[in-house]
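Before any comments, here is the structure.
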Amino acid sequence: MPELPEVETVRRGLEPSMTGAVITQADVNRPDLRWPFPELMAERISGARVLQLRRRSKYILADLDTGETLLIHLGMSGRMTVSGDPLGQFVHEHPALIKHDHVVFHMENGARVAFNDPRRFGAMDLLDTGTAEAHPLLVKIGPEPLGNDFHEAYLVSALKTKNTPIKTALLDQSLIAGLGNIYVCEALFRAGIHPATKAKDLKPSAIVPLVPIIRDILLEAIEAGGSSLKDFRQAGGELGYFQHSFRVYGREGGACVTPECTSVVERITQSGRSTFFCPSCQS
DNA sequence: ATAGGCACCTGGTGGC
DNA sequence: TGCCACCAGGTGCCTA
């Protein structure tokens, strides 16, 4: 679930119940996720007011009025559930899921916000707000794809020396922030670039279109994230998000969506991860 | 410095 | 029904 658009959707979903509100109590139900929680995390969070919720790459940052910022990463399977919201209700009705509520925030407005993460690849940390960007987990992250520092000249320059498949290069968070397996596959399909092409072999004329394509895909997915939350409310079960709009991801064996194209979507493994592409449209 | 592979964890699915 | 192999949205760390 959590690539940049999903994390942004989660961040927006948390704002009504968290931004400006005091965390009256934080329950920390285990000592760690991917790493041990910071010292006395529950005490340091409890009683704090959330000033704002930010996002950097796939991280959510909650600035507190204590001068500290709560850093949250959802890993592969992390969710944030809010009591009363469809997802929160869904988890609440399934005991097998509730057991993965590792950290629970009780807000002054009555909301119960839970960090739920079965695989526990997620993480939380507390850092000084003033130096948040210098945190080891954040400092090496590349430009935000929706920000001003990500542009054609940057991407051409960044890829010029990369002796690695373009698929792998775009997954490198130090090169560009926030892309994951799904959106890289989708971007390369729209750009007509074969995922195994060495990044440094791509001509600038092939790289330049990637910039607006990446931006468009992320923006569309964020937009769909918002609307699919409504779908979820009605359907009451499955996560919708952008998945109905995938053109290649998860579509191995399916017909290519390009009009006139008679090829079938293929799946290969790159760096131990599945890549989906159309062998005709991507070369 | 850079690229590749492994490890961390649980749950779902499909085949026998 | 049970068991097993394989798959999954991420990424830090170790190795060549």
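Just so it is clear, glycine is given a Cβ too, placed from its N, Cα and C backbone atoms.
Nobody curates TrEMBL annotations by hand; they come from automatic prediction.
Features as listed in TrEMBL:
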type     : residues               : note
DOMAIN   : A:2-122                : domain 'Formamidopyrimidine-DNA glycosylase catalytic'
ACT_SITE : A:P2                   : active site, schiff-base intermediate with DNA
ACT_SITE : A:E3                   : active site, proton donor
ACT_SITE : A:K58                  : active site, proton donor
BINDING  : A:H100, A:R119, A:K162 : DNA binding site
DOMAIN   : A:247-283              : domain 'FPG-type'
ACT_SITE : A:R273                 : active site, proton donor
>> Tell me the Cα distance separating A:P2 (active site, schiff-base intermediate with DNA) from A:R119 (DNA binding site), rounded to the nearest angstrom.
In response: 13
>> Looking at the active-site residues listed here (A:P2, A:E3, A:K58, A:R273), whose Cα lies nearest to that of A:H100 (DNA binding site)?
In response: A:P2
>> Please count the residues of the domain 'Formamidopyrimidine-DNA glycosylase catalytic' (A:2-122) that DSSP assigns to helix (H, G, I), strand (E, B) and coil.
In response: 31 helix, 45 strand, 45 coil
> For A:H100 (DNA binding site), what is the tally of other C-beta atoms lying within 10 angstroms of its C-beta?
Replying inline: 19
> Using DSSP and three states only, what is A:K162 (DNA binding site)?
Replying inline: coil
> Just counting, how many other CB atoms are there within 10 A of the CB of the residue listed as 'active site, schiff-base intermediate with DNA'?
Replying inline: 24
> Distance between A:K162 (DNA binding site) and A:K58 (active site, proton donor) at the Cα atoms, whole Å?
Replying inline: 23
>> Roughly how many Å lie between the Cα atoms of A:R273 (active site, proton donor) and the residue listed as 'active site, schiff-base intermediate with DNA', rounded to a whole value?
In response: 16
> Taking DSSP states H, G and I as helix and E and B as strand, how many residues of the domain 'FPG-type' (A:247-283) are helix, strand and coil?
Replying inline: 0 helix, 12 strand, 25 coil
